[in-house]
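Undergrad: One structure, pasted below without further comment.
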C-alpha cells in the first residue's frame, strides 16, 4: 500500500487497536489511509494521503435527504496538515446558515459555517477558499434540517470536496513514501507542471518528528508556482495586426477587474495581481478616492463564465508612490499590485506570468502579445481577445507625439508598442492588462509592459508601463518589505 504507510511508526497499530465507543454495531468497518470509516451514528474518520481524495455529501450528486447530520474527522500524519477545498457546493441558503449547512473546524478559535450555492450571493458558499487545519485534524459537519414539506429537497445536491495531507509550510506539495529500513523519509514532489520545488532532495524524519533535508538539515522545501508556460500555447501566426479570440488556456494569467469600470491585470505567483494604478485611481477629477469595491475574476476567457466562477476578494491594494492621480498628462508610476485574500489553485486555465530580468526583452522590433476584455469596434466584448504587436523604436513614438502636439509625459519608465500606420486594437477596458514577450533563453512568457495610455483607439502607438523599471518595488511589496 502506497502513501504515508510506513512513514509514521506505530501509528498504524494504534489506529487499528483504538476503541470506537460511538460504533455499537458489527456493521462498522475500517480501511486504512483515506477510506471511510462508517458507523450507524454517521460519524466517520478519514486519514488523508498526499494525493487528493473525494468527500461528498450523502447521495451526491442526487438531492440530499432532509433530517440528517454527519460528522467527518479528517486526520493527517505527524508533520502534516489537512487541506480541504470544494469543487461543487449546493446547499439550501438561509440567514447565517442556520438551516442546512456545512461547518468546517480547522482547529482555530472559530468554525466556518457554509451554505448556499457556489457563485451565488445568497448564504455563505465557500467559493475559492482553502481550509487548512492548524494542527493535524480538520472536522466537517454536514446538517440537513427536517422539512415539513418533504424529506427530500429537489433543488440542492450537496457538495463535492477534495482533501489531502500537505507538509506544514508547504501548501502545494506532495510527498512520495520511501519505505526503507531506519528513520522514515520522503522524496519531495510538487504538483507538476504548475509548481516546482525551490530545492530538491530527500527528507528524513528523525526522532524529533520534524522533517529535515538529508543534505543540509534544512526545512521542508517550498513549492513555488511555475510561471509563463501555458498548457495551451498560442499557435504561431504571421505578423498581422488586429485582434483575435483567445482560446481557453492561451493567456492563463489574464485577470478581469471591476473597479471603476472594466480593466485587466495579470496573475503573479498564486496570490498577486499586477495591474495599472489608473484602474484604481483614475485620471479624472470626479474620482477623488479609490473605489472600495475591487473585484478580480480569473480562470476563463468568457466574462459570463468568469462571473460564475466568482470574485477573488482582495486583501490589500498597493499603488506605486510615483503615481500622481491629479496629473492627467503624467502616467509615470502607473503600476499597482493587488494581494488576494486566498491563494488561487493553479491549473491549465489559471497560471502566473513571469517578470522581466533584462533589457533585451525591450529591443525594438521584438514581437509580443497583449490580451484583454476591452472595447472592440466600439462595443464591449464578452470574450478575451489578443493582438500581436511589435516593440516600437522610442524615437518614432516621440516624433509621433510631437507631430500631434501632445503633452503627455513619455518617461524612461515607459515604452511604446505598435506601428504608426497599422491598427492598434488596444482600447478602453484593456488598461492594466499586460504585454508579454517570449524569452528564448528561459523558454517562458514574460510580462514586460502594462497597458497604460494612448491617444484614442485605432491606428498608432500604445504606451506601456515598463515593468523592469519597477522590479525592486514589486519584490519589496510581495516580500512584505514595503
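Cβ coordinates are placed from backbone N, Cα and C, and glycine is handled just like the others.
Straight out of Swiss-Prot:
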{"type": "ACT_SITE", "residues": "278", "note": "active site, charge relay system"}
{"type": "ACT_SITE", "residues": "334", "note": "active site, charge relay system"}
{"type": "ACT_SITE", "residues": "431", "note": "active site, charge relay system"}
{"type": "DISULFID", "residues": "97-115", "note": "disulfide bond"}
{"type": "DISULFID", "residues": "190-223", "note": "disulfide bond"}
{"type": "DISULFID", "residues": "397-416", "note": "disulfide bond"}
{"type": "DISULFID", "residues": "427-457", "note": "disulfide bond"}
{"type": "DOMAIN", "residues": "44-166", "note": "domain 'CUB'"}
{"type": "DOMAIN", "residues": "166-225", "note": "domain 'Sushi'"}
{"type": "DOMAIN", "residues": "240-479", "note": "domain 'Peptidase S1'"}
{"type": "CARBOHYD", "residues": "358", "note": "N-linked glycosylation site"}
{"type": "SIGNAL", "residues": "1-43", "note": "signal peptide"}
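Please situate the listed features within the shown structure.
TA: The number of other CB atoms found within 10 A of the CB of residue 278 (active site, charge relay system), across every protein chain shown, is 27.
The number of other CB atoms found within 10 A of the CB of residue 334 (active site, charge relay system), across every protein chain shown, is 30.
Here residue 431 (active site, charge relay system) comes close to 263, 264, 276, 278, 279, 374, 451, 452: these same-chain residues lie at least six apart in sequence, with C-beta atoms under 8 angstroms from its C-beta.
According to DSSP, residue 115 (disulfide bond) is assigned to a strand segment. For residue 115 (disulfide bond), the Cβ neighbour count at a 10 Å cut-off comes to 26, with all displayed protein chains included.
Secondary structure at residue 223 (disulfide bond), as computed by DSSP, is strand. The Cβ of residue 223 (disulfide bond) has 23 neighbouring Cβ atoms from other residues within 10 Å, across all protein chains displayed.
The Cβ of residue 416 (disulfide bond) has 24 neighbouring Cβ atoms from other residues within 10 Å, across all protein chains displayed.
Under 8 Å, Cβ to Cβ, and six or more positions away along its own chain, residue 457 (disulfide bond) finds 375, 424, 425, 426, 427, 428.
Taken as a whole, the domain 'CUB' (44-166) shows an average pLDDT of 86 in this prediction.
The DSSP secondary structure for residue 358 (N-linked glycosylation site) is coil. When Cβ atoms from all protein chains are considered, those within 10 Å of residue 358 (N-linked glycosylation site) total 11, not counting its own.
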Undergrad: Quick check on the domain 'CUB' (44-166): DSSP residue counts for helix, strand, coil, in that order please.
TA: 3 helix, 59 strand, 61 coil
Undergrad: Going along the chain, which residues six or more apart from residue 97 (disulfide bond) have their CB under 8 A from its CB?
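TA: Correct list: 113, 114, 115, 116, 123, 124.
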Undergrad: Could you state the CA-to-CA distance between residue 397 (disulfide bond) and residue 334 (active site, charge relay system) to the nearest Å?
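TA: Rounded to a whole number, the Cα-Cα distance is 19 Å.
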Undergrad: Sort the recorded positions 223, 334, 416 by C-alpha distance from residue 358 (N-linked glycosylation site) and give me just the closest.
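TA: Result: the closest of the recorded positions to residue 358 (N-linked glycosylation site) is 416.
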Undergrad: Taking just the CA atoms, what is the gap between residue 223 (disulfide bond) and residue 416 (disulfide bond) in Å?
TA: 36
